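Undergrad: There's a structure below that I have some questions on.
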Amino acid sequence: MNATFALWAGSLALISALLVVTRASVVHALIWLLVTLLSLSASFFALGASFAGAAQILIYAGAILAVFVFVVMTVDASPKALEQERARLGRAWVPPALVAALVLVPLFAWRGAPGADTAAPMGAAVSATDLGMLLFGPWAAVVEIASGLLLAALMGARHLGRRGKPEGRG
Amino acid sequence: MALIALILLPFLGGIFALIAGKAEPTAARIVAVVFLFCGVLALAWTYQHAEAGRWMMMTREPWAPAMGMSIILAIDGLSFIMVALSLALGLLTVVLSWNATDRAPLLHATLCWTVAASNGVFLAFDLVLLAFFWELMLVPSFLLIAIWGHGDREAAAIKFLIYNAIAGLGLLAAVFWIGASGPTVSFDAFEVAERGLPPTAQIWLLLGFALAFMVKLPVPPFHAWLPDAHTQAPTVGSILLAGLLLKTGAYGLFRFPTLLFPQGMEVLAPYGLILGAFGTIYGALVACGQTDAKRLVAYTSVAHMSVVLMGICGGVHFSLMGAGIIMVAHAFSASALFLLIGAVYDRVHTRDLRELGGLQRSAPRFAAAFALFFSATLAMPGTANFLGEALVITGMFQVNWLYASITLVSLVVSVVYGTRLFQRIVFGTPRKAQVTVDLSFRELGPVVVLAIGTLLFGVLPQFLMTGLDPAVNSAVEALRAATP
Amino acid sequence: MTEDSFTALMLLSTALFVVGLFGVLARRSILIQLLSLEVALAGPSLAFITAGARHADAGGQAMFVMILILAAAEVALGLALYLRLRRTADGTDSDSLSSLRH
Amino acid sequence: MEVFGLVLTYNHLLLTIPSIALAGFVMLGLDPFRLRDFEVRALALIGGVGPLIPMLVFANACFHGQCTGMVPIFTLKVGESTVALALQMDPLAALVGLTVCVIGAAVILFSVAYMQGTALPDLRRFFALMHLFLAGMLTMVLAGDSIVLFLGWELMGLCSYLLIAYNTTSAEAIRAGRKAFIMTRVADAFLLAALLLLFLEANSVRLDHLIPAGVAAQDGMRPIIAALLLGGAIGKSAQVPMHTWLPSAMAGPTPVSALLHSATMVAAGAVLLMRFSPIIQAEPVVMAIGAGLGALTAIFGAAAALFQQDIKRLLAYSSISQIGYMMLAIGVGAPEAAAAHFVVHAIFKSLLFLSAGHITHHSPRGTDIMAMRGASQRNPLAFLAFSAGAASLAGLPVITGGWWSKEAMLGAVWGVEPALWTVAVLAAVLTAAYATRAVLIAAMPDPGSHDGHADHDDSHDTGYTLVPLAFLGFGALLAGGLVEPIMHLLGAHVPHAPLFTILVASIAPLVGVAIAFALAYVPALANGLQRARDIARRTRRRPRRQDKPAGFWVRIALAFSRGLRIDTLYQIVFVWPFVKLVRWLNGYGRGVADPAGNLPAMAALRLQRAITAPFAPDWIDRTWTAFGGRILALWAALRRLQTGRARDHGLYMAAGTAGLLLLAWGLTWH
């Protein structure tokens, strides 16, 4: 339980996240995302959420990013394409930045609202057992729905990825 | 009940004519004639069973007691003459339009409804009922002009409606004020007359009543609807307008101001005289310059009805009697002139005095009829018109010499417009339009009836005078009692 | 865990989310938008974990698991769509896919 | 005998006198009777001569002192007053009525031949109107109450209009008829006012009540009534200043003129004044005005007649002048003398018209005075008749009727006002001059005549024409014997005028004859007349144009031949302003037609504007309108937001989220 470490690791995640969204090359962005996810998992471990940290590394950094890597391999990485991507990045980032800042303002500022939690922080670690008891106890329905979601995603991905004439307009 | 029948019979006649006309178009006219004739029989029954006293007959039926409304109908000599006139003119117009082809059943029904509504005005003594019939009367007339008229008929019909509907508001407002003014809500004219109204209120109420009546009369400057309405209306419409609608205004002025507002009448009568004197000369002068024959006759109507106004506002026995006689006489002579001009129009499709002419050579009967009614228009002795004018002038001599001399001047001017109308149509050679077909039998019948009426009442007016006498007397007495 | 560090972590998670959001909005390359989406999802995960740690509650981690599942499903569908779209349109430019306008 | 509550007596037969003529009118006037030419003429004769028979019976009784008096016919009740219609037969009615009947019969007898060759409908119309006219005059003469009197009076006005405009294709005739009708209508208005005022005084319409009531009227009513009566008479009798209609009225057929001028319409004014003479005589000022106007008319008419170029206009001015004499006599208080002159004048004037009409019938010159030339050869009988009439008109001493009646009048005038007498004698000189002038022209040989022409004209010398001419001719000469009986009958004692005046009055016509000869045969005068005639003919269409300065004599002749242009004066003073007024009221030029009728519409418009003006920039409406107008632009702008790009839509969603968050955050503020 080391909040300071968690903070540092989180800061690293934030910096690398900034790099993710500003890189021209997809490969670079992917690498920086990996950094983000890993530093986040470190942050999780520091916060005592070891199951989450582990899951972050295994599933996110491992499984999900692996899928990304497969796709990224098909991307055109020629200098010309990079140049185009850079040119696109250079323009029209102001409105999104403004909107993002606008979202940030209330989220940052909004503290101490009526009824806000004033209890003292405990900072206890949560074991995987507790998590398992919760997930397969009261949250069982949620887990079932989540599994349905995954199934739907699977079938959708299968359907979309199928070769053949695209349906609908295009 | 006979009085209700007098209103209901023509009304039902109209409805049944319409129904019959759906099945067989030619049946409508027969139905209309039968119902109107039944109305005449009801009138005769009324005459037979007349009671002695001020009113020949009176009917009171509850209608809406909570709102103080009831059906009060009364008939005296004046109303009797007016109702007789309306039934006669109704029959006459139906006969005239016997062979009409354009929506004939509706035409005959409309004629019947005009008669019914004006009968209602002539008989009603419940003020709400009066206002109801007063407004109702506009509808069939509006239809007559708007459907069967010539030229710019919609505009003329709407002008007619606007003038008279706005004027009717004055009547309506005054009626409701009267109804609300008493201890209990009551619109009974007799009750109101007996109760008496406050003198100041009488003036304003009389203004409201007089507005409605004077627009219908019409007196300048409220007359602008009449020439247009007459010009665009079909012949039967013109006859009913001149013979009936104008008379409802005169009847109203004759009857109600002295009955309900004698003190107000006392105050306002001098202004009425001024207005009448102005209208007499003005109508005659404008008539002198007309080129459309119907417009010319319409303006002569304005002049003659202004004389009626003078007679009524004069408030002496002679002038009131004269006004009553002019009402009848003018109904005959103006109707006849409209009939004749309409007949000319049917033949040559123009009423322009600059284009007509030479009737005397090609259609002598036409010319003779024109001569008779032209002389009636300019108050030739021997016609009822003269009697009326002479009595009004006599009364004016009692009231104020100035008005008498103005009426005399109007007699002179009447020759100017009368000869203009007459010689432009009858004399000379036709400039454009030659009438070659003389009056047909169907046209001649009404003309002869009207001629007999004009001459008979001109020579033997006793019937009229006896009939008018009670109304005239009570008006004179009411005014006398109101004089401080 | 102090109050300050908790607040700082929460702000951090917010910032992560907003950075991801910015990436989604600012970038035109579909793949990078998908990556930015992952970043944006990381923000809430951190917030849930932090809050779970603060209250010693397993719900935070449970929500993280849910976000994980959501991210997995989203990536699967997103990439499949990307591949599919690349057959008919320019995969590097999401702006070229504007047929919704018509 | 009682019919319809009406007790009929023998005296009700008085009704038959006008009724016969009226029946003639009805029979001829109503179309349904199909009549042939012969039947029309027969009916015309019956209707024209018929009234004479009962009239003779009643008049005969009256002349023998057994006048019928008032015959009430029926009564009307007007409120408290009773209106009793009646006829009466008194000496005046008998005298005038008989004259009217005789002249009417003679004229219609003459017309039956004169109107030969007229189309049947026109013939019927002519005789119908003549009958109505006759009936009107008889009604007026026999009237026993003011209503019947006015009925007859007005009927004459109407008939004169229709008869003068008998030739309905002639614009001139129509104009003349209308003029006559309008001007006499003015007189009618005066008379009507007088009668109604009398009615109010007497509370009765019976003349035997009216006249005493009028005489007894107080409060200054009597002068007004008398003046109104005089005004009515002046208008109807075409006296100065209301004489202009009569010369124009010559556009009618000759028999119409004969009837109109001699015994009926024009003389009706004089008859009216005779009838109401008690009221007039009670007012010296009105009398004096009447006498003055009469004298003025007499001399003016005579002077104008002397220079007329048209025989009918000459006779018209002669009528004006002669009635002026009657007015003069009435004005000096001798209505009996006026009545005598009325009878004599009726005879010779109808004779003059009929014979002149006979002579100039079918003449290519129309009724120009020169058309009379050669009459003595062509129509010797008619010429003789004309001469007899002219002699009577001139008042040749002793042998003519005109002299006797004129003498009676002049004698009465002398006794009242010698100045008026002088004027009257001068007028008599002029009268004789113009009468003689006409005869002299008729006696001249016709330069344009040739054989056969005369024969053609002689074909009209049938009994129909000659009987009336001969009868009237003898009458004109012998009527002098009637003067004294007439005056006795009417109850006047004949004044004995001084011998001096009789002598002067006898010499005056002779002087006039001499003047006429001078005018015809003294070259200077004759040439002047000829010159004036030429100018008048040349400038008839445009009377203002005077091409050459002419001598004094020519100018006088010209001025009088045009009636001193009083007509033009009236045109300027009365007609044009009236026409201008009517045109203005009817919106000729720039104006608005029927200005008073537009008042309510204008007022309504003004009111509407006044009420709506404050709301005229309707801001609410404008806002909505502007909003409506902006919607398109807004829509275009919003439409541009719809790019269809996921990025942009995500942006909007994010912005919305930010907004919502900001809102939620803001709501937490206190």
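Sequential numbering from 1, following the chain as shown.
Backbone N, Cα and C define each Cβ position, glycine as well.
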Undergrad: Which range, B:221-238, B:239-256, does TrEMBL list as transmembrane segment?
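TA: It is B:239-256 that TrEMBL annotates as transmembrane segment.
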Undergrad: For the transmembrane segment (B:239-256), I need the partner stretch with the highest count of C-beta pairs below 8 angstroms, choosing only from B:68-101, B:121-148, B:296-318, B:400-423, B:444-464.
TA: B:68-101
Undergrad: Any contact between the transmembrane segment (B:444-464) and the transmembrane segment (B:27-47), i.e. 3 or more CB pairs below 8 Å with pairs at least 6 residues apart?
TA: no
Undergrad: State, in range form, which of B:68-101, B:296-318, B:324-345, B:400-423 has the highest count of Cβ pairs under 8 Å to the transmembrane segment (B:121-148).
TA: B:68-101
Undergrad: Considering pairs 6 or more residues apart, do the transmembrane segment (B:366-388) and the transmembrane segment (B:296-318) have at least three CB pairs under 8 Å?
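TA: They do touch: at least three Cβ pairs between the two stretches lie under 8 Å.
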Undergrad: Could you name the stretch, out of B:27-47, B:296-318, B:400-423, with the greatest number of CB pairs under 8 A to the transmembrane segment (B:68-101)?
TA: B:27-47
Undergrad: Within the same chain, where does the transmembrane segment (B:27-47) have neighbours whose Cβ lies under 8 angstroms from its own Cβ atoms, ignoring anything closer than 6 residues to its ends? I mean 6 or more beyond.
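TA: Contacts of the transmembrane segment (B:27-47) (Cβ under 8 Å, skipping residues fewer than 6 from its ends): 2-3, 5-6, 9-10, 12-14, 16-18, 20-21, 56-57, 75, 80, 83-84, 87-88, 90-91, 94-95, 97-98, 104-105, 108-109, 111-112, 115, 119.
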